[in-house]
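S.K.: Here it is, the structure in full.
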Amino acid sequence: MRALSLASLIGIASAACPYMTGELERRDTGTDDATAATEEFLSQYYMADNDTFLTSDVGGPIEDQNSLQVGDRGPTLLEDFIFRQKIQRFDHERVPERAVHARGVGAHGVFTSYGDYSNITAASFLGAEGKETPVFVRFSTVAGSRGSSDLARDVHGFATRFYTDEGNFDIVGNNIPVFFIQDAILFPDLIHAVKPRGDNEIPQAATAHDSAWDFFSQQPSSLHTLLWAMSGHGIPRSLRHVDGFGIHTFRFVTDNGDSKLVKFHWKSLQGKASMVWEEAQQVSGKNPDFMRQDLFEAIEAGRYPEWELGVQIMDEEDQLKFGFDLFDPTKIVPEEYVPITKLGKMTLNRNPRNYFAETEQVMFQPGHIVRGVDFTEDPLLQGRLFSYLDTQLNRHGGPNFEQLPINQPRVPVHNNNRDGAGQMFIPLNPNAYSPNTLNKGSPKQANQTVGKGFFTAPGRESTGRFTRAVSPSFEDVWSQPRLFYNSLTPAEQQFVVDAIRFENSNVKSSVVRNNVIIQLNRVSNDLARRVARAIGVEEPEADPTYYHNNKTTDVGTFGQKLKKLDGLKVGFLASVETPASIEAASELSKQLSEDGVDVVVVAERLSDGVDQTYSGSDAIQFDAVIVAPGAEGLFSTFSFTAPSNATSSSTLFPAGRPLQIVIDGFRFGKPVGAVGSAATALKNAGIQTSRDGVYVDKSVTSGFVDGIKDGLRTFKFLDRFKLDH
């Protein structure tokens with residue numbers, strides 16, 4: 001259907017707004033169904049083309065398959081407005097991609113407050129138990145272009161918009177709680193360093209090159225975030241399996257003006273899970289859309305991912321209490337110091353209807369805050385408040401990007417901003433200034449006591465001389481990277497070591513590699529020596545200035561069982577030559593589906609009961625691999641000298657593919673198993689059936705399936721990965 005007129009939309013919004021009826025003091029308790037409210041709002045802008053004739057942009061029916069020309073072979077006429085419109089619109093379809101976070105995927109959902117938190121914040125969306133607020137979330141990678149791989153090793157953006165009844169509130173965060181720099185003035189330097197080279201645009205979406213590690217080694221404030229990115233956090237299993245963080249310290253402010261310092265946390269209710277590096281590289285090559293596909297399919301299947309929102313709450317006097325500055329964005333507050341207070345739950349339950357109109361055009365910025373939330377003096381946050389707004393002028397060609405449907409608040413907008421490119425509304429107030437008498441003083445000023453307006457925390461104050469210098473309270477940038485490294489399991493430490501080795505093996509400058517080891521040695525001599533011996537740098541003596549043995553909790557991505565199995569996939573490797581192998585999948589699927597696990601049946605070719613072929617399958621597509629009974633003939637040890645008709649060789653799939661799926665599944669730490677006679681396939685793969693995470697049974701029994709479920713919850717069996725010592 002055609003979109004409603006903008007004038008009618010203004011009327012609809014005005015009629016529904018409590019502020020327009022004089023109920024300025026009432027605090028709305030929220031909609032009964034925030035999901036329905038999202039659909040109701042966005043559906044006003046839908047354009048459906050069902051059973052219609054093609055029209056021009058101005059509504060006239062047309063045909064556009066042939067240009068208007070002179071005769072059968074003559075030139076195209078300039079008067080062909082249909083041709084000109086079609087080509088011109090095509091030429092201008094793209095907008096400039098984001099300078100960072102260009103590659104992203106989004107979803108709608110709802111946030112439900114666990115209670116009334118007016119004792120800590122005046123924010124309306126946290127003002128009542130059960131109150132629902134529509135949300136939109138965009139996940140992203142940072143460095144790559146819009147067409148880059150989802151599985152590039154990177155920090156992942158986790159930006160959330162709350163469409164509250166007092167305006168839009170954005171938490172523009174990441175899946176890592178700290179950032180590379182302390183001062184926003186360094187942001188162009190950071191991004192120029194990690195982006196591809198200026199002369200050849202290589203490498204794409206990667207930091208395994210000289211300029212990135214040159215910057216990291218010259219700007220040691222980056223070390224903390226760097227170690228997080230080199231761990232499993234840089235290559236998550238899916239976006240459903242990441243936590244999120246607001247990075248900065250913010251303020252909560254009550255109606256009375258009392259303020260607290262807070263840090264925002266999103267905790268995945270699926271649990272955390274990550275890939276290993278070679279697995280992620282293979283995914284990048286085989287399916288660069290892996291992350292967005294996983295999120296989209298989970299929501300389409302009704303397996304809605306969920307996160308809990310929590311905050312660490314600190315007194316204003318605690319700014320330097322913990323041995324570091326709470327306004328330093330390269331620091332975490334360990335949860336042993338300040339536990340997380342849970343505020344509510346977010347459920348993502350609706351995919352966008354149009355990627356460009358919603359996910360690409362959405363603009364988040366830290367300056368989207370509401371009454372009850374306030375900023376701090378964090379210098380990175382202060383700079384982001386300008387940058388995120390400014391960049392949208394370039395992307396959208398004017399200041400009216402807030403009027404796009406995905407960016408519009410769900411409450412009416414009344415101010416004196418006017419005109420600009422792409423103005424979508426028709427303002428009726430001719431007196432666009434304040435104060436005025438000609439429009440009876442409207443729109444009126446709203447503040448802490450009148451109109452439920454935004455207000456700055458009354459206690460904020462700042463004095464001092466002008467200076468360009470790093471605060472002494474920001475200077476220790478090595479203790480917390482060590483805290484992170486100390487807190488990882490030995491296998492996770494090995495993954496970090498291996499990742500830094502890989503990255504620096506691609507660094508050509510020996511000077512840069514030496515500088516990297518100098519900085520790593522200030523964090524950990526163990527880490528520095530293990531990396532140095534692999535990249536041609538002399539192993540250093542300890543530099544213990546910042547060494548300590550402290551540890552914290554919940555910073556890794558391995559070692560904790562998953563909370564849900566929703567959307568995980570088990571590859572069931574069968575053969576069309578043995579129908580019983582395909583039939584065995586039904587019982588497995590029946591039992592695993594109770595936990596939301598999908599069984600994908602793989603065979604030589606498509607037929608009834610077969611989901612995909614060996615030619616299109618790899619271990620990277622599955623979270624567990626099981627060989628079906630009767631299919632073991634496909635898993636004989638591959639040999640190039642074997643007869644051409646050997647069962648391990650076929651024109652239907654690459655040589656040795658079935659056996660390789662089993663081998664890769666095991667070496668990537670996944671649960672693997674076999675039913676009945678198929679146990680020989682594990683033997684051919686060199687897998688001992690006594691190992692943890694290996695499951696064998698005569699049939700698909702409940703005990704066998706329970707073992708697979710437990711293996712999926714473990715997700716990665718870390719004893720399969722070799723340690724340096």
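Keep in mind that glycine also has a Cβ here, set from the backbone N, Cα and C atoms.
From Swiss-Prot, for reference:
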SIGNAL    1-15  signal peptide
CARBOHYD  N50  N-linked glycosylation site
ACT_SITE  H101  active site
CARBOHYD  N119  N-linked glycosylation site
ACT_SITE  N174  active site
BINDING   Y388  heme binding site
CARBOHYD  N447  N-linked glycosylation site
CARBOHYD  N550  N-linked glycosylation site
CARBOHYD  N645  N-linked glycosylation site
S.K.: Which one of these recorded positions, N50, N119, N174, N447, has the sparsest Cβ neighbourhood, judged by other Cβ atoms within 10 angstroms?
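M.R.: Minimum Cβ neighbour count within 10 Å, taken over the recorded positions N50, N119, N174, N447, occurs at N50.
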S.K.: With every protein chain in view, what's the tally of Cβ atoms within 10 Å of the Cβ of H101 (active site), excluding that atom itself?
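M.R.: So the Cβ neighbour count for H101 (active site) comes to 23.
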S.K.: Sequence gap of 6 or more, Cβ distance under 8 Å: name the residues on the same chain that satisfy this around N550 (N-linked glycosylation site), in order along the sequence.
M.R.: R482, L483, N486
S.K.: Restricting the comparison to the recorded positions N50, H101, N119, N174, Y388, which residue's C-alpha is spatially nearest the C-alpha of N447 (N-linked glycosylation site)?
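M.R.: Nearest listed residue in space: N119.
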S.K.: Cα distance, Y388 (heme binding site) to N50 (N-linked glycosylation site), nearest Å?
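M.R.: N50 (N-linked glycosylation site) and Y388 (heme binding site) have their Cα atoms 38 Å apart.
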S.K.: Which of these recorded positions is closest to N119 (N-linked glycosylation site) if you go by CA atoms: H101, N174, Y388?
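M.R.: Going through H101, N174, Y388 one by one, the closest to N119 (N-linked glycosylation site) is N174.
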S.K.: Does anything in the same chain, at least 6 positions from Y388 (heme binding site), have a Cβ under 8 Å from its Cβ, and if so what?
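M.R.: Correct list: V172, M363, F364, Q365, P366, G367.
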S.K.: Roughly how many angstrom lie between the C-alpha atoms of N174 (active site) and H101 (active site)?
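M.R.: Cα of N174 (active site) to Cα of H101 (active site) measures 10 Å after rounding.
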S.K.: Which three-state DSSP class does Y388 (heme binding site) fall into?
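M.R.: Once the DSSP labels are grouped into three classes, Y388 (heme binding site) ends up as helix.
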